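S.K.: This is the structure, below, for whatever I ask next.
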């Protein structure tokens, strides 16, 4: 009776709470209370603001770390297709428990992955827009490599010594292939005239004179020596003279003839009998 009179006479105001539906998942054994125990005497915590339920049919936006990377403009899109297994839910917009849903009307559909292209060919990938600076997108690297080393200025390609063709004689086995075949020297009319004048006076040159002629005619000492060798062979052929080298080799290789038979004479043998010498007369029987 005392308790009932206290409740009637006191200014105690009974608190009002939200409906039971909002706190049903978080309520304790006391029913609609948000605190453990659910007694009416306990102070109740402030309730969280009411959030609307998510729409299950709305398209889920993929997180930032699942977003596909933007392709760089230097590579065509056909060479590097985006892997489909990297973002299965972000690309399809569905979770394992929900069926696949059509994309939202404002979202752009992701392009379908293209099949890989062999390395030897250049696929015509999607045309990338021009760069903001005004330059066009770079072309295929394979096509740029096929244009050759000559640049836009028309420069000649660089030819290194190892790229030149070397004439190697198959007969000479001791040839190591380091020196190319010597080209034939083309003498000018002035050089030939001076060499002919020198040959008219001296068919054989000393080393000092050969060096002087080579320096005067802008030739090498070897070229002057070879020219005089060839000119001497021509002169001998014109005068029908035997080759000096062949004659010397023939005389050296010819065997010596058989020596004459030496006659041996005995000191007591006389081919003719001396006068007054008596010849032995055979005795007759």
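Keep in mind that glycine also has a Cβ here, set from the backbone N, Cα and C atoms.
Grabbed the feature section from Swiss-Prot, which reads as follows:
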- 19-70: region 'Disordered' (REGION)
- 27-41: compositional bias 'Gly residues' (COMPBIAS)
- 44-70: compositional bias 'Low complexity' (COMPBIAS)
- 94-130: region 'Disordered' (REGION)
- 106-118: compositional bias 'Pro residues' (COMPBIAS)
- 159-164: motif 'Antp-type hexapeptide' (MOTIF)
- 180-239: DNA-binding region (DNA_BIND)
- 238-285: region 'Disordered' (REGION)
S.K.: Looking at the DNA-binding region (180-239) alone, can you tell me the average pLDDT?
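M.R.: Residues in the DNA-binding region (180-239) carry a mean pLDDT of 91 in this prediction.
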S.K.: Over the span of the DNA-binding region (180-239), count residues by DSSP class, listing helix, strand and coil in order.
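M.R.: For that range the per-state counts are 41 helix, 0 strand, 19 coil.
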S.K.: Run through the motif 'Antp-type hexapeptide' (159-164) and tell me, per DSSP, how many residues are helix, strand and coil.
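M.R.: Per-class counts: 3 helix, 0 strand, 3 coil.
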